[in-house]
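Below is one structure, written out as structure tokens; the observations come after it.
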Amino acid sequence: MLEKRPQPSKAWSYATPLVAVLATMLFGGVLFAILGKNPIEAIGTIFWDPLFGEFSFYYRPQLLVKGAPLVLIAIGLSLGFRAGIWNIGAEGQYIMGAIFGAGAGLAFYPLDAWYIFPIMVIAGAFGGWIWATIPAFLKVRFGTNEILVSLMLVYVAEQMLASVSLGLLKNPEGFGFPGSRNFQSYDSGHNAELIAGSGMHWGVVAAFIAVIFAYVLLNRHILGFHIRLTGEAPRAAKFAGVNPARLILFCLGLSGALAGLAGMFEVSGPSGVVSIDFNVGYGFTAIIVAFLGRLHPVGILLAGGLMALTYIGGEIAQSQLGLPAAAIQVFQGMLLFFLLAFDLLTNYRIRAARSEVA
Amino acid sequence: MDLSEINPVLLVASLMVAATPLLLAAIGELVVEKAGVLNLGVEGMMIVGAISGFAISVETGSPWLGFIAAAIGGAVLSLLFVLLTQFALANQVASGLALTLFGLGFSALMGQSYVGVKPPSMGEIHIPIISDIPVIGPVLFQHDPILYLGIALTAAVWAVLKYTRVGLILRAVGENHDAAHALGYKVIKIRIMAILFGGACAGLGGAYISLIRVPQWTEGMTAGVGWIALALVVFASWKPWRALLGAYLFGGITVLQLNLQAAGVAIPVEYLAMSPYIITILVLVILSADKSSAPASLGRIFHASH
């Protein structure tokens, strides 16, 4: 018999992500065993090798490279999720950020100037912002469901990406192959590592700033209070004078801008080129990261690291053990399942069943 | 560009085929939402249905068994949604997303050995005389049985919701679950049945894509059809016949843009390919003004203790 707790349990709210990770490892192990792999070896390869294995000097920087976009996007999403505003189209905003950022940079090619990279940053954020403002505006003005609109725009963005990689942004010296010029060989627009070999690029810096910013916003600022209030008690928020339209525009716009930044830092750094298959689903994985981090900035930082680990470890397991790439996707999906399931214990407590009194 | 290459008879006939996966998924989701549950996992259930149907029909050689397996596959995945939302009382939006993310990964894993395989064909129903009428015959009476099942299901759902006691109870649960509970209806049980029905329908819709519409297996082949089906339920104001109309409208747009691509119209392929999604958004905008017909308890968690 379930009984609603008067207050959500603090202890359980910290414990559920850990329990969920353990349960996922357990069931993931079963899955790997079914696929004919040694489960202990597979789990070890995914979670241990990138951190402490023989080639960890190579993989550890990757943790920052893969974790930064996840954290950056998830921070933005978490603000909206807290207020019950569901932006699930971060993947599209990520793509648009990359297109806008790269487009701005390539417009200056081959000029060499210090201001090009900052302009790209602004353009990338703008691209993501405008893409997320479409569902925000439609929701505010017409009451359109933001979940469906933001998601539809992912497919539109993917087509845009295909279009510009084959047309507008195609490398004129690329021998007809699709894809843009490589930013890794264009210094003014290159998001290079700040310390060589560390994996630390501007996107990582931006992710850390976003974490601090979100923490301050939620704990010290009236807007953050309004976000939390709207999510936990919408009626109270109304009486407190929260302007829902402004909140929607802010939450969606900010999450879009952050996703756009993530895309821009990725395209100008680790990826280097705008190409048809440039996006790899960070925008969707970030949803898992946001929930796994309990929609809390510090939690998201940790969750982003963990999720980056599964990406890197998954790649190692793929090449060393022949574990299919999709198995990691299943693994990540399972994590969200267990998290949502165990969250029951945060809000409810289990009591021995009593006989019902009529 | 040669628009005369587009054959209107073939266009309408293929429109019905393109609309069927949407219709099946939307009818299932309509019942789920009428019961007051918002399951955003349609895309995930469809793709799992697509691969289970594909795998079973390839292994057994029978498309019929494939479709049965697809319905079961979709329903089994929706069972996870049941566990999360009805027993663990988790947020329905998050749970639906989890279902989709998990379904996409799971189907890709299952489908690895089926890439490039050709499934057995279902064949078309051929009724003597009627099917041979010029124009009307090929448009209406030369399709596979599942297409007609989709239409029959629409009629059945409409009749059940409108005229039967079961339909009334289902609607009561969706409109006000506390009142329905007070009247002694088993809210959770009714919702579980509705969710499973929705899962089975989405599974059928997915298998229709992989077995009849394409027919082939590729990763992520549902390409947003599940999400468009969700939009379709809003478009239809939760009315079955309007869902049918909407599905044919979207089917028409899809087929038309594919035909325009093939005919080599001066519009770039990418812009044509994004048109169904943009039109979905436009339709949502036009219709979202009126929310009065949405089930009142939609998306709310029910817990009997209070």
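Placed from the backbone N, Cα and C atoms, the Cβ positions cover glycine too.
Residues or ranges marked as transmembrane segment in TrEMBL: B:6-25, B:37-58, B:64-84, B:96-115, B:145-161, B:192-214, B:220-238, B:245-265, B:271-289.
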Next on the checklist: Please tell me whether the transmembrane segment (B:6-25) and the transmembrane segment (B:145-161) touch - that is, whether there are at least 3 C-beta pairs under 8 Å between them, with each pair 6 or more apart in sequence.
Outcome noted: yes
Next on the checklist: Counting Cβ pairs closer than 8 Å, which of B:96-115, B:245-265, B:271-289 has the most of them with the transmembrane segment (B:220-238)?
Outcome noted: B:271-289
Checklist entry - Do the transmembrane segment (B:37-58) and the transmembrane segment (B:245-265) come close, with at least three CB pairs under 8 A (pairs 6 or more apart in sequence)? => result no
Checklist entry - What stretch in B:96-115, B:192-214, B:245-265 has the biggest tally of Cβ pairs under 8 Å against the transmembrane segment (B:271-289)? => result B:245-265
